[in-house]
Amino acid sequence: MATVFFYLLIAIILHALIQEYILDKINRRLHLSKTKHSKFNESGQLATFYSFSFIWGCSILTNEEFVTNPTFLWEGYPHIHMAFQVKFFYICQIAYWFHALPELYFQKVRKEDVPRQLYYICLYIFHITGAYVLNLHRLGLVLLVPHYLVELLFHASRLFYFSDENKQKGFTLWALLFVITRLLTLTVSVLTFGFGLSRTDNQGFSLAEGNFNVLTVRMTCLSAICLTQAWMMWKFINFQLKKWREQSQIQASKKKAVSPKSRPSKKDSRGETFLKNQSCYNELENLKRQTSVRLE
């Protein structure tokens, strides 16, 4: 716990350095509104963290050979012995997400954004800490790396969008990878808890040995992952529907602005010509009267 607290303080310092020397300078050039300013800072911090964690996680996966042999996810469970870089990775992850809680106060996040950020911060702490405590760090690492890639793409696309609203192609790629990652997460989780761990020889519950391979724990972990993925898909669908409505409204307003002015009908044109002829006739009559008066 002391180690986590130490790296939590380091995360706070790094957060302040990135904010002051990078994000604040960019914000001054872009002249963003208060809402976009807050979201830009959030995406800037998270994009930096996700990129670093993704590269670090990929290097661990290639060294530990988790991807080439999926049976490593459950073979030899409980995985008590952990490589140094894997343990250090998890400690840094837990410390970072715990540091995000006081940062909500330090960064003076808007009240409207606090519940949304609290949701995903608590979910990260719950899942990462659970994988570390239950000795499921192999599964957690395999699921975190593609998830961080998708989140990195989203926040990078949002940063480009704030700099230029025409740059929205990144969101299309993010939407595709988001759905694929959710399916991949569910598949790997069901494969690990439903087939892998349930068929291993070392079944039982023992705190001393770090063994949590019982049906109750397996079903709880699988249910937590499935519910989280369902919640994320629900948020994703609402986000896409909102974006589609906004785009349709913008296109409709553009069509109204570009559409040509309504032409007068034949009846209106005939009426206008009649009035013009009538006015000309009246002017001629007035001229005749004036000339007749002058002659008299």
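Here the Cβ of each residue, glycine as well, is placed from N, Cα and C on the backbone.
What TrEMBL says about this one:
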type     : residues : note
TRANSMEM : 6-23     : transmembrane segment
DOMAIN   : 38-247   : domain 'TLC'
TRANSMEM : 118-135  : transmembrane segment
TRANSMEM : 141-161  : transmembrane segment
TRANSMEM : 173-195  : transmembrane segment
TRANSMEM : 215-234  : transmembrane segment
REGION   : 252-274  : region 'Disordered'
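Ranked by Cβ pairs under 8 Å to the transmembrane segment (215-234), the stretches 6-23, 141-161, 173-195 are led by 173-195.
Note on the transmembrane segment (6-23): residues 40-41, 44-45, 48, 91-92, 95-96, 98-99, 102-103, 106-107 of its chain, located 6 or more positions outside it, place their CB under 8 angstroms from a CB of the stretch.
For the domain 'TLC' (38-247), the model's average pLDDT works out to 92.
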